[in-house]
Amino acid sequence: MTQALCLGIEGSANKIGVGIVREDGEILANPRHTYITPPGQGFLPRETAVHHQEHVVSLVQQALKEAKVAPKNISCIAYTKGPGMGGPLVAGAIAARMLAQLWKVPIIAVNHCVGHIEMGRIVTGARDPVVLYVSGGNTQVIAYSEQRYRIFGETIDLAVGNCLDKFARVLNLSNDPSPGYNIEQLAKEGSQFIELPYVVKGMDVSFSGLLSFIEEKTKELLASKTATPADMCFSLQETIFAMLVEVTERAMAHCNTRDVLIVGGVGCNMRLQEMMQQMVEDRGGELYAIDERYCIDNGAMIAWPGLLAFKQGQFTPLEEATCTQRFRTDDVLVTWRD
Amino acid sequence: MSKDDLAKEGFLDPIISTASCQLLSQGAEARVWSGEFLGRPVILKQRFKKKYRHPVLDKHLNHSRLKQEVRSLLKARKLGIPTPVLYDVELEASTIYMERIAGCSVKELLKKGMSPADRHSLGRKIGQLLATMHDGSLVHGDLTTSNMLVRSDSQDLVMIDFGLSSISGLAEDKAVDLYVLERAFNSAHATSVDMYDAVLEAYKQHSRQWCPTLNKLADVRMRGRKRVMVG
């Protein structure tokens, strides 16, 4: 019997990706294209949606070619229902609905956060870890219990990646390949630690006050030449990652779990992985981290949970295949786990 | 733990050797030992270094949290809330020395089994104490049944572990404090939820600001898991 194939389309933020995944978890193709804005600027929903519309068809063609499969071999189409930016989400959803009708296959709506978690689990083989999901739009500490990915702690304002992106604009760093990557590289040259607000409230974190503080402080310190941009990047990373590791440790103590999985775009930051590694080692557990191919938004991370749901006989009626900007991780009933 | 191990982790030794003490528990933030200090039974609470944190940040956090804990312990006593007597603080060793309470936690008492009447009266005691504490702008931050002890001799209720406490007059913070306790009751003592009702009943009678706090508590419950996530 031939194995089922799922084609997934992801376009919730500034990346449009198409992935093809086989039933055994093998990723056959996973091309993506990123909308990169000039330094000092962020991506706006409208322009990003146009970017996605322009690239989605060629990415589908590229994915089919790389995977060496024909449309008739595809068993189902998965797409990102949310959370994300409205315009870009719609661009992906329209492409998915069109393909589903063209190829006469079922369509499956996928939660973006669940996509990250399931991708991380299949790539690393982690069984039941505490998940730290850190990206430009989300910051959550998650643990699985009774058919749901439950949120133990989260940010009460900005997402950690958003905080890094905005700080990169203060320093006018390049957005290519990503602002966070450039902060990480610059931070390696930093040595002076500037104390910044450290805000952990129970299991939750907050970054907005810290961002306002560092924006002002940076102007002041750079003007008086008492600190370099590298020092600021270093101090920012040390502070916000310490907050993330601390709440993750609390969640581990609460759930009695030893292992941690880091997913999401900020998850490819090596300094964050290093700090988490130290904490996890002290607790006798294991850290599961993935590289930029899977950490950063991609099509396969949507195709894989789509395929898991498809095998459970779940799919979305075409008229309900919409998208939503607000879609909580714990709203999804996880039928494919015990 | 030997002296060498402690040194390796970059601790200064407390003035009494932990080798003579017995490790009671190891949490995410601190180790708790039981020992003897100037002939009295003591509890040592030592916060440990987090290797992943930048040393400057780690020291700053450890110190400020230690100081906050000590301040809250003292403030609680000023308000008339029974807490362990503070014997000594060693900032450099991140250690607090406190009176060792001979008694049992409320959690253990519930586990052993209590009559409904006993549960009711203990619940009322807890409620009254929390009312006094909150009216004095002290928020515990980690209200669970394992952080409340009952002295075996006088049957007095003693509050412990002010490690996450803060000073706040906001109804929001007090409501969250109560909500944490409510969740503890719901999850760990499903059969003793009537005791939590007694807590709220007494809280309402004794707190001057019960109205805004309990209104806020209703809001906090409604929030369930806080705001809708924005992608």
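Backbone N, Cα and C define each Cβ position, glycine as well.
Copied from TrEMBL, the annotated features are:
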- A:30-304: domain 'Gcp-like' (DOMAIN)
- A:H112, A:H116, A:Y133, A:D297: divalent metal cation binding site (BINDING)
- A:Y133, A:V134, A:S135, A:G136, A:G137, A:D165, A:G180, A:E184, A:N269: substrate binding site (BINDING)
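Shown here: features listed in TrEMBL, placed on the structure.
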residue : record                             : DSSP (3 states)
A:H112  : divalent metal cation binding site : helix
A:Y133  : divalent metal cation binding site : strand
A:G180  : substrate binding site             : helix
A:N269  : substrate binding site             : coil
A:D297  : divalent metal cation binding site : coil
Separation of alpha carbons, A:H116 (divalent metal cation binding site) and A:G137 (substrate binding site) (Å): 13
Diameter of the substrate binding set by C-alpha atoms, the set being A:Y133, A:V134, A:S135, A:G136, A:G137, A:D165, A:G180, A:E184, A:N269, in angstrom: 18
Of all listed binding-site residues, namely A:H112, A:H116, A:G137, those lying near chain B with CB under 8 A: A:H112, A:G137
Position of peak Cβ density within 10 Å, selected from the binding-site residues A:H112, A:H116: A:H116
Same chain, 6+ residues apart, C-beta under 8 Å of the C-beta of A:D297 (divalent metal cation binding site), given in sequence order: A:E10, A:S12, A:A13, A:K15, A:G17, A:R32, A:H112, A:S135, A:G265
Those binding-site residues listed as A:G137, A:G180, and which of them has the most Cβ atoms within 10 Å of its own Cβ: A:G180
Other CB atoms, at most 10 A from the CB of A:S135 (substrate binding site): 26
Long-range Cβ environment of A:N269 (substrate binding site), under 8 Å and at least 6 residues apart: A:G180, A:E184, A:Q237, A:F241
Shell list (divalent metal cation; ref centroid = CB of A:H112, A:H116, A:Y133, A:D297; cutoff 8 A): A:S12, A:C113, A:G115, A:I117, A:S135, A:N138, A:V263, A:G264, A:M301
Mean per-residue pLDDT computed across the domain 'Gcp-like' (A:30-304): 94
